Amino acid sequence: MVKYNMPSNNDEPHDIENINTWKQFFEPAVLRPFRLLMMYFFFKILLSGLPLVPYLVSVFNKFGAPVNVEWSISFSMFLSMIGSLSAVFLIPKLGKRFLTLFTLSVCSICYIIIGLIGMYWKNAESITSWTILVLYLTTIFISSTGITPIMWALIPEIFPAKYKNILFNISSACFFVMAFFMTKYYPEFSNAVEFYNAFTICGIFGLFGCIYFYFCLPETENKTLQEIAEFFK
């Protein structure tokens, strides 16, 4: 005997509800904060020195400063830790929007100066190498006080409450995928445009990022989730 399984009428509303749920992922209240976050990820990775981390020994050797490379790397990690602790006190005082614009602009300017000094100021090598090293360590500290911790703080704030859990996971996965590819292909990019030109290009991109965030990044500090959600509608 052949048995036919017919869908019950009770299943139809459930299927329709699932379809409507997926459609809501493409609404402006979801897509706009997701797009903002992807841009934040990109500029955070680009200007925080994350793609350079596996290659820091080579990078510091190219800077040419007469210092122990291993100690320099350890000191950069120490600066990152101090910057992250400072962010705990700075974010409530200054707000996420101001800190994002300030730290991203400072890192961008430092990267541009590193690139220009490395390419065109080669008469005083000792001064040049020390200046470049100090500027790079400055970007490590500054990014740790702003764009790095703020990135993770924004994820649970800007998405609608209904989709917060799944979008948090999707966004985190996108960040690590983006970081992987930008780190993996950094040597090819650096070789293609030359070592110091890579810093200049990243810095110029960072300035465009400042313009983007000036117009698109809302202040979320001391705001309710409802007020933040209204901004993206």
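Glycine too: its Cβ is placed from the backbone N, Cα and C atoms.
Automated prediction, rather than curation, is the source of TrEMBL annotations.
Here is what TrEMBL says about this protein:
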- 1-221: domain 'Major facilitator superfamily (MFS) profile' (DOMAIN)
- 41-60: transmembrane segment (TRANSMEM)
- 72-91: transmembrane segment (TRANSMEM)
- 98-121: transmembrane segment (TRANSMEM)
- 127-154: transmembrane segment (TRANSMEM)
- 166-183: transmembrane segment (TRANSMEM)
- 195-215: transmembrane segment (TRANSMEM)
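By the Cβ criterion (distance under 8 Å, sequence gap of 6 or more), the transmembrane segment (195-215) is counted as touching the transmembrane segment (41-60), at least 3 such pairs being found.
In the predicted model, residues of the domain 'Major facilitator superfamily (MFS) profile' (1-221) average a pLDDT of 87. Among 41-60, 72-91, 98-121, 127-154, 41-60 has the largest number of CB pairs under 8 A with the transmembrane segment (166-183).
Same-chain residues lying 6+ beyond the ends of the transmembrane segment (127-154) with a Cβ under 8 Å from its Cβ atoms: 37, 40-41, 43-44, 47-49, 59-60, 63-67, 72, 75-76, 79-84, 86-87, 90-91, 96, 99-100, 102-104, 106-107, 110-111, 113-114, 117-118, 121, 175, 220.
If you look at the transmembrane segment (41-60), the same-chain residues 6 or more away from its ends with a CB under 8 A from one of its CBs are 67, 69-70, 72-73, 76, 104, 107-108, 111, 133, 136, 139-140, 143-144, 147-148, 151, 171, 174-175, 178-179, 182-183, 186-187, 202-203, 205-206, 209, 213.
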